[in-house]
């Protein structure tokens, strides 16, 4: 009898926790069947969080890991062991850098594999503000619809999209070409800014990445974001997972700085999963930790920008 009472009490407590979580994250379920399914997924993720430090029941706690991977990444390729691509110039860099103050709030790619567009607009927005003192919000949807060198919601790469912006004579504003999270027909809008050149560095040097960020501003970087621990990342912690791969890139994010605290050295990185995930859309990643998640393997940034 006691065991039955305990079971019922735990079940009730779990459902209360789920309802509180759903209210916090404005979750609405289509019907009772979906509610029960998401509740079951939530309980599975709750067990994972209870067994793994530095994780939490965040906005993605009602998604299976398979669903998460299918809908929230957007770069899939392997960095070879050797590469002929250019290396970063390694110079003495400041102890810490933080470009968050020149950036827009983190955006949300939704259930579309368009991370490559968000890291591209982020580095363009950051560089324009850094060099020209103007903060714009550029159109990710224009890249999804118009950049034929990439694959819209099926993935892409910032090296391609930065070249597209240069060859297309710029990119328009988000307000003129708003984000839909689905691929559509390319539309013509007024372009506002362009890149005059871009660079891709794949040498794997974290010290080199520090120099790039310090000198050039925010950098679009590839990483392995496929671990369950990253899906359920706990804000304020320095992310580290020994099973995170250093050469298999599947997500593009924006490195905006680096620093250290009592828990270790870290990179400051802006994601494209909205402001409800992480720390207002940002996360800290272990730095000088054998290229954690491949952070230094694929860096992309504009070498110059101009207004049109």
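Quick reminder: no glycine exception, Cβ is built from N, Cα and C everywhere.
As annotated by Swiss-Prot, signal peptide applies to 1-13. Summarising the annotation, Swiss-Prot assigns disulfide bond to 112-153, 146-186 and lists similarity to another entry as the type of evidence. Per Swiss-Prot, active site is recorded for 115, 251, 271, and the stated evidence type is sequence analysis.
Features per Swiss-Prot, on structure.
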| residue | record | Cβ within 10 Å |
| --- | --- | --- |
| 112 | disulfide bond | 23 |
| 115 | active site | 29 |
| 146 | disulfide bond | 22 |
| 153 | disulfide bond | 19 |
| 186 | disulfide bond | 14 |
| 251 | active site | 28 |
| 271 | active site | 29 |
- request: Using DSSP with the three-state reduction, classify residue 115 (active site) as helix, strand or coil.
  value: helix
Query: Hey, does DSSP put residue 153 (disulfide bond) in a helix, a strand, or just coil?
result: helix
- line: For residue 186 (disulfide bond), the closest of the active-site residues by C-alpha position, picking from 115, 251, 271, is 115
Field: Rounded inter-Cα distance in Å - residue 146 (disulfide bond), residue 251 (active site)
entry: 21
- line: residue 271 (active site) to residue 115 (active site), Cα to Cα, whole Å, comes out at 8
